[in-house]
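For reference, the structure discussed in these notes is given below.
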Amino acid sequence: MKKYILSLDQGTTSSRAILFNKKGEIVHSAQKEFTQHFPKPGWVEHNAQEIWGSILAVIATCLSEADVKPEQIAGIGITNQRETAVVWDKTTGKPIYNAIVWQSRQTAEICDELKEKGYSEMVREKTGLLIDAYFSGTKVKWILDNVEGAREKAENGDLLFGTIDTWLVWKLSGGKAHVTDYSNASRTLMFNIHDLQWDDELLDMLTVPKSMLPEVRPSSEVYGETIDYHFFGQNVPIAGVAGDQQAALFGQACFGEGMAKNTYGTGCFMLMNTGEKAVASEHGLLTTIAWGIDGKVNYALEGSIFVAGSAIQWLRDGMRMFKDASESEVYASRVESTDGVYVVPAFVGLGTPYWDSEVRGAMFGVTRGTTKEHFIRATLESLAYQTKDVLCAMEADSGIELKTLRVDGGAVKNNFLMKFQSDILDVPVERPVINETTALGAAYLAGLAVGYWKNQDEIKEQWHMDKRFEPTMEAEISEELYAGWKKAIEATKAFK
């Protein structure tokens, strides 16, 4: 009896395997962290083999602890840290360099050159993205330009490229399936989101051979099966793939046009479903593909904040202000306000709507009376201000006024932050019972492909609210606070 869907959630700092049942409930999960490599300031890399090892480990742990046999699994859904690029040898299956992570700024110079050559408008029109080190295309170019012999091998058709989803499907299927889905392809800087094809003009710009690229498929279909020895003697269908933020939008059942979610993970990502039309942004947002399912493609507007949960980690590990991230709420609640203190956590630059990779973090309004509590509160508040920056851009571009914001990710457990978020946005914030919406979205996509769930209506019924945070702050106060944040941003940008 096929009782479960297995979701593999390959994130920036850890890999997880989560088993879901028919009601969309978590049966069991396992997690394993892996090494972050920082070869130079601003560079972030992962070992793709270590990521693969961590995936095998969490599958084994999750199934054995839950006492679930592989033959009870109806299908596998995969969701992944997006943009992170892997290039590997087709024959040996070994990566030729570390995976270059989405956060890494090592291709900033390549991006500057492309902008100087006047490619920005063409890239914007075709991909919905900006020329930025964040996206995969320049990472692939960097690997081909900097690893000895790589370009020659690529031109001979001996190398393969993939985002993490592609790497995992390739490994799980024993090298049979070299595929990605629309949502991940739309983040590469090489994919035309309107005609849904790899784009020759973009590939020429980046000097990336087409033979390296995976086949682009819908987000919900059977791409292949696991090979026996990776899945303990069973061929299980690999049936759903979506980038982490798009998977969360799906897991939050944001199927209607104008519905939006914000995920508070390492970074913060807000996506609004714009239906079957790609809305071009005038305000520094990205136009991206949400998912492809049932022969249709849905688009989304996205705002990306580079530093969110990682700011809380920095308070814990870098500043040693507390031992556990959950303590940040306790400290922040001990003071009535930040007493005029603002923290701008631009550790790796600023994302939407500013897109400035040269800016670094800053703190303003500090006095002799500033305490640890003020500092922690100001850091938490910065997540809410950055989210408001994104929402203002979204409402301006889409012409849709947000009614409620659905939230997920590690930081949403923080009630102080969620209440402040609602106050600053002046809209209700809804936290679901199942916070693992990214993994759930991948599970839903896989389950729909194998007939485990009937349709999106059945899934919509499974979304349940844990808590709704209503705005109660006076408009005058929230506007004043936000004006202070805008001043802090301008001052941060001036200091370069």
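One is the number of the first residue shown, and numbering goes on along the chain from there.
Each Cβ is built from the backbone N, Cα and C atoms, and glycine gets one as well.
Residues annotated as sn-glycerol 3-phosphate binding site in Swiss-Prot, with sequence analysis given as evidence: Thr12, Arg82, Glu83, Tyr134, Asp244. A sphere of 10 angstroms centred on the C-beta of Asp244 (sn-glycerol 3-phosphate binding site) encloses 29 other C-beta atoms.
All protein chains considered, the CB of Thr12 (sn-glycerol 3-phosphate binding site) has 22 other CB atoms within 10 Å. Annotation source Swiss-Prot lists ADP binding site at Thr12, Arg16, Thr266, Gly309, Gly410, Asn414, citing sequence analysis.
The ATP binding site annotation in Swiss-Prot covers Thr12, Thr13, Ser14, Thr266, Gly309, Gln313, Gly410, and the record cites sequence analysis as its basis. Secondary structure at Thr266 (ADP binding site), taken from DSSP and collapsed to helix, strand or coil, is coil. Around Thr266 (ADP binding site), the same-chain residues at least 6 positions away in sequence with a Cβ under 8 Å from its Cβ are Gly11, Thr12, Thr13, Gln103, Ala308, Gly309, Ser310.
What Swiss-Prot lists as glycerol binding site is Arg82, Glu83, Tyr134, Asp244, Gln245. Counting Cβ atoms from all protein chains shown, Arg82 (sn-glycerol 3-phosphate binding site) has 27 others lying within 10 Å of its own Cβ. For the recorded site, Arg82 (sn-glycerol 3-phosphate binding site), the DSSP three-state label reads coil.
The phosphohistidine annotation in Swiss-Prot covers His230, and the record cites sequence analysis as its basis.
In sequence order, the binding-site residues near Arg82 (sn-glycerol 3-phosphate binding site) (Cα within 10 Å of its Cα) are Gln245, drawn from Arg16, Gln245, Gln313, Gly410. Report note: the glycerol site is defined by Arg82, Glu83, Tyr134, Asp244, Gln245, and the residues of the same chain whose CB lies within 8 Å of the CB centroid of those residues, excluding them, are Gln81, Thr84, Trp102, Arg187, Gly243, Phe269, Ser304. Largest CA to CA distance in the ADP binding set (Thr12, Arg16, Thr266, Gly309, Gly410, Asn414): 22 Å, whole number. Classification of Tyr134 (sn-glycerol 3-phosphate binding site) by DSSP places it in coil, neither helical nor stranded.
Geometry remark: Arg16 (ADP binding site) versus Gln313 (ATP binding site), CA distance 19 Å.
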